[in-house]
């Protein structure tokens, strides 16, 4: 292997440098505190954020770095003051594991917008330790950031809900995109985009998928049940849809034009950006003259997360996943870079650390 494995009470895979190559690693998790929930991780989704931080793309990576923030597992221990969780419960942990718990955002269940929010890996927690994520055998979190998963909902499918799912669900609820009969455009058909289609159909929307790749048509229509598929570079197709959509969810990575999509919105329509292009350029008339809105969003608060999990369980909404073992994770990350996944890798943690 590329590095020493180390010692500690938790098995994991970690990146040691900006090459992003992961290899076996051991470290110590803290002891269970009064409001902690300890869980044995069974599954962890693979998010593009794992590529970004293992490779130090934002120049802030802290090595050794254990990625993973789409975590599902089984409770093994709870602190003395924990309420609502017990040993054996199925639970999930998402993008963040701490916040100040006392600011306006925290008091409004918008912990993801707390200025002291601590993310699940590569972040300095309140005790000064660096957080390490779900590519590991177990994790401890304060009960506030732990979420119940119904016993009959597969943990392998639950894992991607904790990032891909909530990143889409929160803006859809915030902007009232759950109105049956209305129309939704989804730009991009990756991990986030496919969840936008699934939520859209579950909400009773008419869903149109936009892609630059004709190869996505069959996935969009036949696999995911979208109502329409449009090649976004085809001016005639785009022109035919002007002023036809109530909502657009933009999951496309990289830089792209916004005006062609904004012109597809009806009067008062809303387009929500979930990615991070280097810049946004729009003509004001595309917004002002039709009272359209361009909004942004990132993950969701604790109330939304539990609500989303419950909604998925009640409405049979399941991410489409490809299960892998931890020793395949380097190949999986490269395939993710190459956009070669349908639609989310999930690491079978419980059968990888034996």
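Note that the numbers count up from 1, one per residue, in the order the chain is shown.
A Cβ is built for glycine as well, from the same backbone N, Cα and C atoms used for every other residue.
Around residue 163 (Zn(2+) 1 binding site), the C-beta neighbours below 8 angstroms that are at least 6 residues distant in the chain are 45, 47, 49, 69, 70, 94, 95, 299. Annotation source Swiss-Prot lists Zn(2+) 1 binding site at 47, 69, 70, 163, citing similarity to another entry.
Counting every protein chain shown, the Cβ of residue 106 (Zn(2+) 2 binding site) has 21 other Cβ atoms within 10 Å. The annotation Zn(2+) 2 binding site is assigned in Swiss-Prot to 100, 103, 106, 114 on the grounds of similarity to another entry.
In the three-state DSSP classification, residue 213 (NADP(+) binding site) falls within coil. Within the same chain, no residue at least 6 positions away from residue 213 (NADP(+) binding site) has a Cβ under 8 Å from its Cβ. What Swiss-Prot records for 167, 188-193, 211-216, 251, 297-299 is NADP(+) binding site, and it gives similarity to another entry as the kind of evidence.
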Given the binding-site residues 47, 100, 103, 114, 298, which one is most crowded in terms of C-beta atoms within 10 angstroms? 47
Find, for the listed binding-site residues 190, 193, the residue with the lowest Cβ contact count at a 10 Å cut-off, counting only other Cβ atoms. 190
Find, among the binding-site residues listed as 70, 216, the one whose Cβ has the highest number of other Cβ atoms within 10 Å in the structure shown. 70
DSSP, reduced to three states, assigns residue 70 (Zn(2+) 1 binding site) to coil
